[in-house]
Amino acid sequence: MTTRYRVEYALKTHRRDQFIEWIKALLAVPFVLYSQPHGVLEDPDRSVDTLSQTREEAHRRYSEIFRDIEAMIDDHIAHQNDAENPFPSKLKLLVPSIGPFFTRLPLEAAFKFQDNKRYISSRRFVSPSFNDIRLILNSAQIMAVTTYGTLQLATFDGDVTLYDDGQSLEPTSPVIPRLLDLLRKNVKIGIVTAAGYTTADRYYSRLHGLLDAMANSADLTPSQKQSLVVMGGEANYLFEFDSSSPHLLAPVPRQHWLTPEMAAWNEQDIAQLLDVAEAALRDCIKTLNLPATLMRKDRAVGIIPVSPEIRIPRESLEETVLLVQKILELSTVGRSRRVPFCAFNGGRDVFVDIGDKSWGVTVCQRWFSQKEGPHGVIKGENTLHVGDQFLSAGANDFRARSVGTTAWIASPVETVELLDELAELMGKKMS
């Protein structure tokens, strides 16, 4: 029983998104009922009409399901906005892990958009997949932030979102002109990355393509150029664009941007939490015989491969994340919850950071709100965070869901497609 529990929970549940899995299960029913895999054996002339009818019926049933989920989300939003209602929404009962929604989600329209691109209703052997639903949710979210309100802030993860894992944002990257287009539309940009560098030169080496393009742009106003910040170490180091700086980024003193809640974090608690994490990581290196070395920073501690050529197995990284996270949660300083932390799998390494991306995105919201004055407050419904790690454990974009809308991508190519979709929707709204 213990072994089965460990397999089912520790190795599988943390790699799933309950909301997406629930939608996937709902869509499996019409797929089973209306797909026609035997059509490949029928007479071609007959099968064309049959498949067309089947596709239309599957599309209709899928659309109905997304319309019903859309209504459930509306009901969930009504419940979360009613502080006096003690009862959970129907969606909360069906998907207990569901969190807050900052906007409505036009899921039916988003499904029809993605169905035209991915031909989901035409498939006979492959049911609507996790990735299909993830992209439908992305489309619904960017439809919402451009239709029901105004996008004021877009924040991005670094690795796997803006550039490939371990690489840099090169001048030839197709992401760059799309980010510049957002700046021209007066959308603020925050790059919220786990990379915990304390100096501007290290961030310049990762982001030089974008920073140089901004510095050399003739059609960006000084105000628009000031609309980019880099938040490093999840929520620990803030840099703003500065064309006069040698590395085009200027560090912002911590006392200028810390939120009142972050300013209350005790340095002794931070040191104690990192000490516990360090001991747990050392134990993992020994127990799992990891080819890794420990790295301690002022606001983070982690393990990295002993040489760049070595890749630690994914399962070992996940085991390390889950073990360290559990040890921290059960520790005295962890139980006190005085200092938030994030244990995450970086793909090649594992780190524990003080704070998490919900704090990083919050700092970006407040930083730009302060610059805009009392009428420029950036709320969750006006914020879009784009990242690749949204699973419930070992994923550092997950907690950004608590402070703004999100889009879950799987590669820089998907980021480009998302930004193109966003630009088209923003263009329609302005026209």
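Even glycines carry a Cβ here, placed using N, Cα and C.
Here is what Swiss-Prot records for this protein:
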- D157: active site, nucleophile (ACT_SITE)
- D159: active site, proton donor (ACT_SITE)
- K117: ATP binding site (BINDING)
- D157, D159, D165, T193, D349, K357: IMP binding site (BINDING)
- D157, D159, D388: Mg(2+) binding site (BINDING)
(message) If I take the Cα of D388 (Mg(2+) binding site) as reference, which of the recorded positions K117, D159, D165, K357 has the closest Cα?
(response) D159
(request) Between the Cα atoms of T193 (IMP binding site) and the residue listed as 'ATP binding site', find the distance and write it as a whole number of Å. (result) 31
(request) Between D165 (IMP binding site) and the residue listed as 'active site, nucleophile', find the distance joining the two CA atoms and give it rounded to the nearest Å. (result) 11
(message) Using a 10 Å cut-off on Cβ-Cβ distances across all protein chains shown, tell me which of the binding-site residues (K117, K357) has the largest neighbour count.
(response) K357
(request) Take the Cβ of the residue listed as 'active site, nucleophile' and count every other Cβ within 10 Å, whichever protein chain it belongs to. (result) 23
(request) Would you mind checking how many other C-beta atoms are within 10 angstroms of the C-beta on T193 (IMP binding site)? (result) 27
(request) Give the residue from the binding-site residues D165, D349, D388 that has the most other Cβ atoms within 10 Å of its Cβ, counting over every protein chain displayed. (result) D388
(message) Please give me the recorded positions out of K117, D157, D159 that lie within 10 Å of K357 (IMP binding site), comparing Cα atoms only.
(response) D157
(message) What does the structure give for the C-alpha distance between the residue listed as 'active site, nucleophile' and the residue listed as 'ATP binding site'? Integer Å is fine.
(response) 26
(request) Look up D388 (Mg(2+) binding site) in the DSSP assignment and report helix, strand or coil. (result) coil
(request) Across all the protein chains here, work out how many other Cβ atoms are within 10 Å of the Cβ of D159 (active site, proton donor). (result) 22
(message) What whole-number Å value do you get for the CA-CA distance of D349 (IMP binding site) and K117 (ATP binding site)?
(response) 35
